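Found this in TrEMBL, in case it helps:
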REGION    1-49  region 'Disordered'
COMPBIAS  1-27  compositional bias 'Polar residues'
COMPBIAS  33-43  compositional bias 'Basic and acidic residues'
DOMAIN    45-100  domain 'SMP'
DOMAIN    162-218  domain 'SMP'
DOMAIN    227-285  domain 'SMP'
Amino acid sequence: MDQHSSNASNTPENLTPVSRNPTSNMSQQQPRRPQETQRRQQEPIKYGDVFQVSGDLAGQPITPQDAAMMQTAEASVFGQVPSGGPAAAMQAAAAMNERAGVVGRDDATDVARDRGVAVSASEYPGTWVVTESVGGQVLGQVYQYTEVQATTAGAAVVQAQITIGEALEAAIATAGNKPVDQSDAAAIQAAEVRATGSNVIAPGGVGAAAQSAAAFNAGLDRVEDKIKLADVLTGATARLPADKVATWDDAEGVVTAELSNNPNLTTNPGGVAVSVTAAARLNEGATPT
């Protein structure tokens with residue numbers, strides 16, 4: 001992806017080692033494992049139980065939509081969701097909270113919704129620092145050491161908004177191994193329509209590929225033989241005839257398409273609708289490009 005952002009940071013081409021190597025040196029603000037927090041089931045796992053944060057954020061439960069926003073943000077910067085990073089810890093905690101019935105699948109905290117979720121890259125002499133935060137409080141950092149440029153001075157932060165194509169690619173990190181079904185195909189086609197502004201699905205494009213994959217998978221029994229979302233969504237940005245920044249209207253259209261084509265009338269965990277919705281939330285607080 002050309003733009004790497006989440007609230008979102010846009011990392012330049014020479015940051016490729018960062019975006020593909022999320023296991024670089026982590027700061028001391030690494031999340032504690034949610035499993036290490038012993039508590040009664042009815043009490044939610046809060047941000048303060050997992051991360052070194054304070055104030056009202058520390059007392060907020062970690063919710064599925066907060067985790068989805070961070071997953072989309074990380075995927076847009078790193079190209080994947082790093083294991084052991086803030087998004088992975090948030091997803092684990094949110095899943096426990098949802099299973100315990102203390103939060104719902106569509107819940108988001110006021111802090112994340114109103115003050116934003118961000119993954120930003122800063123350049124210092126000889127170092128790129130990728131900082132992940134919720135509501136302005138740092139959850140974790142990744143350091144990548146680079147050659148010092150003679151003209152480099154101070155620090156620079158580049159931020160941009162997430163496009164629909166980038167949101168589709170971000171879904172690979174969260175649901176890439178899911179076999180494509182009709183709800184996925186409908187959501188992807190709705191995303192393409194929103195991105196291009198045309199109701200015509202381009203032959204050979206990502207929407208057409210998704211529909212073909214869903215039809216192919218419908219005739220198979222073994223999961224391992226089915227076409228997965230990663231097979232369809234890889235390179236989605238380049239395969240779209242046009243692209244645009246994801247908005248709430250776009251998210252609503254994609255969610256409606258996914259819901260109406262799912263027999264359970266739910267969106268798929270970590271799927272296309274969740275990713276586009278997370279991108280729309282992140283874009284509310286991002287720097288326009």
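Cβ atoms here come from the backbone N, Cα and C positions, even for glycine.
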Do you know the DSSP helix, strand and coil residue counts for the domain 'SMP' (45-100)?
37 helix, 2 strand, 17 coil
Do you know the mean pLDDT across the domain 'SMP' (45-100)?
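For the domain 'SMP' (45-100), the model's average pLDDT rounds to 90.
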